[in-house]
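These notes are about the structure you will find just below.
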Amino acid sequence: MSRLGCLVTLTCLWQMLLMTLALEMGLYDVERGRNAKCELIQIPMCQGIGYNMTRMPNYVGHESQAEAAVKLQEFAPLVEYGCHVHLRFFLCSLYAPMCTEQVSTSIPACKPMCESARLKCVPIMEQFRFGWPDSLDCDRLPSKNDPNALCMEAPENATNGDPVTNGHGMLPVAPRPPRPSGGEISIPG
């Protein structure tokens, strides 16, 4: 066998080994030392947002989708009000984070999306004497999507400097819901 043939064979074997390790790692929650398989998203608010698999526990500590759905419902009036175009997507990225079997951890939204949502929604929340929850601390999220810290970006939060056209290369997000008539919202305690 020629050197080139050996090199091609070794490269192929190395790639197969890496793919096998990545698949096996995706089935194990490294941080918690237990199996953690991806599961279909069951939370109604988080269905149809551009990905359909999640892994529990989530970024806010819920052990099940049922528990996450109850807490996420507290944000429904704010999402319906539409204070930020990507609020629903952002919240779902923490309460039902994206999961793929090729990666060992769940994938949340990037920090800029969090900061943008906080900037737009806090004034609305403060009108009703609510603050931005500690559980949604933007500083816990990766600043940008890179191989060492995966996160999801909204089209206007792209960090690679390239113009984004029609969201190409980004996960699709739901269109902004219409604001309710009368401009009043009620946010449960």
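Indices start at 1 and increase along the chain as displayed.
For all residues, glycine too, the Cβ spot is worked out from N, Cα and C.
Automated prediction, rather than curation, is the source of TrEMBL annotations.
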Open item on the list: With the disulphide bonds as TrEMBL has them, who is the partner of CYS83, out of CYS38, CYS46, CYS121?
Closed with: CYS121
Task: Inter-residue Cα distance where the pair is CYS138 (disulfide bond) and CYS110 (disulfide bond), in Å - done: 8
TODO: Tell me, roughly as an integer, the mean pLDDT over the domain 'FZ' (33-154).
DONE: 93
Task: Spatial neighbours of CYS114 (disulfide bond) that are distant in sequence (at least 6 apart) but have CB under 8 A - done: PHE90, LEU136, CYS138, LEU141
Open item on the list: Highest Cβ count within 10 Å among the disulfide-bonded residues CYS92, CYS99, CYS110, CYS151: which residue is it?
Closed with: CYS92
